[in-house]
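Chemist: Annotations for this protein, taken from TrEMBL, read as follows:
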type	residues	note
COMPBIAS	29-46	compositional bias 'Low complexity'
REGION	1-46	region 'Disordered'
REPEAT	274-308	repeat 'PPR'
REPEAT	313-347	repeat 'PPR'
REPEAT	348-382	repeat 'PPR'
REPEAT	383-417	repeat 'PPR'
REPEAT	521-555	repeat 'PPR'
Amino acid sequence: MALAMTSSSPQPPPPSHRRRRRPQPAAPTPNANAKPKPRAKALPLLSDVGVGRDPSAIKYYARVASNLAGAGRLRDFLLAAEGLRAAAGDDPSFAARISARLLSRGVAAAVRDRGLPHVLEFLRDAQRVRVPAAEMLDADAADAVAAACRMVLEERRMAEFVEVVEALARYGFYVQGIVNPMDVLKIFVKKHDPYMAIRYARIFPNSQLLLCNTMEAFGKRKELKSALTVFGALKGQLGGINMFACRSVIDICGHCGSSVQARIIFENLGVAPDLTSYNILLKTCCNAREFNLAQEIYEEMKKKECDGLLKLDVFTYSTMMKVFADAKMWKMASNIKEDMQAGGVRLNLVTWSSLINAYANSGLVDRAIEILEEMIRDGCQPTAPCFNIILTACVKSCQYDRAFRLFSSWKKSGIKISLSPEQKRCLDGGAFTFCKEYPSNGSTTLVVPFRPTVTTYNILMKACGTNAERAKSVMNEMRRNGLCPDLISWSILMDIHGTSQNRDGAIQALRRMQRIGIRLNVSAYTVAIKACVANKDLKLALHLFDEMKAHQLKPNLVTYKTLLIARSNYGSLQEVQQCLAIYQEMRKAGYEANDYYLKELIVEWCEGVLSSGSDNRDFYNLDLQPKRKESFNLFLEKVATVLQKDVDQNQIVDVRGLSKVEARIVVLSVLRKIKEQYLLGTAVQDDVVIITGHEKTSRTEIETSAVDVEHAIVTVLTDDLGLEVLIGPGSHLPVLPNPKAPTKSRSNLQVPTKFTRPQGVIKIPVNSLNHWLKKKAARD
């Protein structure tokens, strides 16, 4: 809208054709014959100012608008800009006259004082009045906006951050300078949010590359569903097939172990697959250990080669060689070698190594050595990993002495190969280095030296079995040869100490690693924990577990299982609580726990409160029913809740939703906890109240009613433990103990007539509890 000048508004300059005159002396008496002078005009409205008529007015109002912006009055600036744009007839000269310095100062102040939403609103309205505000901002204002965006990101307000960046991009702001886009996308990957990652990546011009990188990041975390979601978005954005993206997603499928999905994508490319796509698909099958599928694809490729559509290369054969080597199918690996030679493709270092590995994995050490010699005769010089494969095969087959003999022989004189004159001519001019030749009787002996690596010595340390002193001597020899023991070397030494029941030696090795500056990882701590568990030092194992987490190291599945193997050593309340905490932490970390061992621990621990132990195995039988698996989480939470309470708190035990056997276990857990605390000097101050409820509680195929649950609890309390119980809310009718009654029969239970309907509450009076505890203490 056009603005009219008011008394409070700055006075505009007069039009250029009327100049202000200096004051004149008093005019003489007017002459009747003189012509009347013209009267001065009033100040014009903005709507009356035209570009062609008065450019100086536009200049003046542009200066006024700039001052308003510099004072932080962005809304007033926009009003002035809108009016002048209408008056100037959409002439762009007005925007060019605005001071970028003052506008930037105002935007920076608005970011600081009023926040990003106000600035975004200003940028939106500036676009409406055709003022390119985002393009006019200087470095200071742009840095202020970017810093505010980064603050939102640091506070992990991710949805708000994406909305802000989207808006800034629409208004012409240089969003690439705010933060590295991949850093933000990695956050979305960690949050398992592919949809927000797609939305954010599409803001940038290089969105295709960002989406590909995001897809690969999900693949590395083995989140195939999220990776396929990003692939679908990328495919839809391109409007067609991108071979690079397709090859990447096929590779991701293999990394995630889904070769079937990779094959589906491969078959639905919509274009004729090339050799590279086939090779990636083979690699996928290799990573997923889908040997049969790899064989089918290989046969398909060979058929296409016969038809002249493909020409298999060394990568194809090397991948298939590795497939069969991993599967310990040495005969099939040998067939691949023949196919290569028939196709005129020469074996390279990778192919020969895979072939050696195929025989070594099958335990054919002698044949593996023959392949090594054949490799040398073919003109391919072996590297240390080739020798290490053979040494590893000796260790896996428990041929420890042979591993040391081969190592000593190779190190002393290398590996000697006899060459015929023809073989010698084939090798002349080859790539062999550090080799010696000795002519003898018309033939040549080729000596290839062996240079052991740290990995070589680590293999020899494994060959030491439980002999820690011999392992130390191998480590010392490693140092004498200029090599430094690594994390794996020390971990092997710790494992040897633990296996030989030398816990102190394992802990000393761990602390030595810390002193010499080796950064410990989860595997090193897990080996030390395993040594403590093997020596039945549960306290130290848990201490190392806490120390590992204090160093920001996340336990893995092996760590959790190593600790839970020691479940037979969990005897006290505190130790059982620790075991439950480990299981809960393991579940939260996303690992599948073996619930059978936890059930066994809880049953054995809580049934220990009974003098005669327990022959109850229904708990394990219930585990065979598929639907009971879903209810175990509820049972676990109930046990954890009651065990975490202090004895001096009100002991209210809620067994609603549990089966009768699970309810029995929970109640016995409470009594076991009370007993242990009583032996430590903590007296019982209150009754124990058990809530059973009225509804059907079991989720098994055979429904269990609250009556059955209450009967099971009353039976174990009265018949097995000799406690007095009260049934029903507010009821004082006792159910007297009947120790002589058989457990299997419930006809002897003195249940009041009013208990024909479940009342939902069982109470163990505090006096009965104290009497029972005194008897247990005297007996123990």
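A Cβ is built for glycine as well, from the same backbone N, Cα and C atoms used for every other residue.
Predicted automatically and left uncurated, TrEMBL annotations should be read as such.
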Chemist: Where else in the chain does the repeat 'PPR' (313-347) make close Cβ contacts, counting only residues six or more beyond its ends and a cut-off under 8 Å?
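Modeler: Residues packing against the repeat 'PPR' (313-347) from afar: 275, 278-279, 282-283, 285-286, 289, 291, 294-295, 298, 301-302, 305, 354-355, 357-359, 361-362, 364, 367, 375, 378, 380.
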Chemist: So if I exclude everything within five residues of the ends of the repeat 'PPR' (383-417), which remaining residues of that chain have a CB under 8 angstroms from its CBs? That is, six or more out.
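Modeler: Hits for the repeat 'PPR' (383-417): 349, 352-353, 356-357, 360-361, 363, 365, 368-369, 372-373, 375-377, 436, 445-453, 455-456, 459-460, 462-465.
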Chemist: Tally of helix, strand and coil residues over the repeat 'PPR' (274-308) according to DSSP?
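Modeler: The composition, in the requested order, is 29 helix, 0 strand, 6 coil.
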Chemist: Report the DSSP secondary-structure composition of the repeat 'PPR' (383-417) as helix, strand and coil residue counts.
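Modeler: Taking each residue of the repeat 'PPR' (383-417) in turn, the totals are 27 helix, 3 strand, 5 coil.
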Chemist: What are the DSSP helix/strand/coil residue counts across the repeat 'PPR' (313-347)?
Modeler: 26 helix, 0 strand, 9 coil
Chemist: Per DSSP, what is the residue count of the repeat 'PPR' (521-555) in each of helix, strand and coil?
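Modeler: Once the DSSP states are binned, the repeat 'PPR' (521-555) shows 26 helix, 0 strand, 9 coil.
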